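Peer 1: Got a structure for you, questions after.
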Amino acid sequence: MITFLALSLTIIVTGGNSLALSENACILPRAGMPTNMSMLIGENGKVYPQNEDNGDIILPLGSIITVSCAPATNLLQNYNVNEIEVECRGEAGLMVIPSLVPTSFDQLGCSNRIKEDVVEIETCYKGSSNVSIQFDSATERLPLITVCHNRTAGNTLYSHHTLYGGSGKVPETSNKRPSFKKDNFYGKVSPDTSYSQSNQIDIVTSLVGSAPLANQYIDPSQSFYFARGHLSPDGDFIYVAEQNATYYFINVIPQWQSINNGNWKAMEMAVRDLASQRGSSLEIYTGGYSTLALKDKDDKPVEIYLARDPITNELMIPVPKLTWKIVHDPKQKTATVIVMVNNPHELSITSKDIICKDVCDQIKWVTWDRGNVRKGYTYCCTLSTFNKQVPYAPKISGVKLLV
Ligand SMILES: *[C@@H]1O[C@H](CO)[C@@H](O)[C@H](O)[C@H]1NC(C)=O
Ligand SMILES: *[C@@H]1O[C@H](CO)[C@@H](O)[C@H](O)[C@H]1NC(C)=O
Ligand SMILES: *[C@@H]1O[C@H](CO)[C@@H](O)[C@H](O)[C@H]1NC(C)=O
Ligand SMILES: *[C@@H]1O[C@H](CO)[C@@H](O)[C@H](O)[C@H]1NC(C)=O
């Protein structure tokens, strides 16, 4: 189904010259979205819904998009090929090129749900590699999330994704979430087992040397246990296929549930609101810093991990001491880092928890209960002060604080 948008004739007068613009466009209505939505790729990458109120995609007259399915073996339902090119011919609607056969949005589905690949691409920091979770068709490569991951430690230093403004209010929804995938990471360790509450009690008992103490730390009745804390959150993505592709263990870190479901969640929602208010895309980097230490039975701090490599006996899957998110608006050249202390048991926050000067007072969109340790004690930093402490975090020069 295609509807036509005939915008009124606009006369723009500039310096004595009058320029008449007659605009037409093709609207791809959310209601006409095909089953097994394909990837629509324009000149600047993936085409997302532009109408924030109803999720419609608007293609200008004359624009050509590539419609493709991932992986390359996934063919378009109605065309029996992996990808086609389609042009918006204004009132004549969408046409497949070069044959110029008319088509419509609901005919552009894939014969299977599109599915991501996980590809290791390059070194991102000492001993760690950038791993891309991406959608690949025969000719297109659409990265969704990049994580900088340390295989030896089973630890992701940070993730990166783009949060599209203007379309966040109308995500596609699904009532089923996939289970987390290990892919070919973590060696012989099962991250699934490592994150289980019974394993958390066992390993914390062995690290702090006391079962009663471990049961005080890991107390699910108070939401004190380690959740699979998404780095790039499913809620930042529009399509269910993208949301599903966030369910990898390399895209999570152990985060206390009271924080994950507390201030961290409030912060993620505030960032989405920000993208939607500005109508512009934000570049988002999310990671952990240092390792959480809890007091053992002799009152000495010990670092907490969720797993042990059965071959080397080395501890793996460290619990981060701090978690952070860099929010970068490339258009306005601004960025802010939000830092959260990942320890609901910290009775009072000390200077050791604060790695860069708190500037939250200047930031209007930080409205959650940020002094609440149980829900996640929060502070804010400029990117340059944060970069001095966290050497692997991305550096972006010439940015002012995003307030
Ligand atoms: C959508 O994909 C599923 C599997 O991924 C497939 O079983 C189903 O037939 C597809 N639907 C259509 C209309 O092609
Ligand atoms: C790794 O990925 C991040 C996020 O996309 C990027 O900023 C960084 O430049 C990459 N590292 C290298 C060495 O290319
Ligand atoms: C990767 O993990 C190993 C083992 O825990 C550690 O020695 C190394 O410093 C880590 N590298 C980074 C960049 O964190
Ligand atoms: C997303 O994952 C759920 C749960 O596994 C599955 O039911 C659904 O079909 C998936 N959808 C897509 C588009 O990948």
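Here the Cβ of each residue, glycine as well, is placed from N, Cα and C on the backbone.
Okay, these came from TrEMBL:
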ACT_SITE  His230  active site, proton acceptor
BINDING   Asn260  Mg(2+) binding site
DOMAIN    141-386  domain 'DNA/RNA non-specific endonuclease/pyrophosphatase/phosphodiesterase'
SIGNAL    1-16  signal peptide
Peer 1: What is the separation, in Å, between the Cα atoms of the residue listed as 'Mg(2+) binding site' and His230 (active site, proton acceptor)?
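Peer 2: Cα-Cα distance, the residue listed as 'Mg(2+) binding site' to His230 (active site, proton acceptor): 9 Å.
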Peer 1: Take the Cβ of His230 (active site, proton acceptor) and count every other Cβ within 10 Å, whichever protein chain it belongs to.
Peer 2: 22
Peer 1: Per-residue pLDDT averaged over the domain 'DNA/RNA non-specific endonuclease/pyrophosphatase/phosphodiesterase' (141-386) comes to what?
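Peer 2: For the domain 'DNA/RNA non-specific endonuclease/pyrophosphatase/phosphodiesterase' (141-386), the model's average pLDDT rounds to 96.
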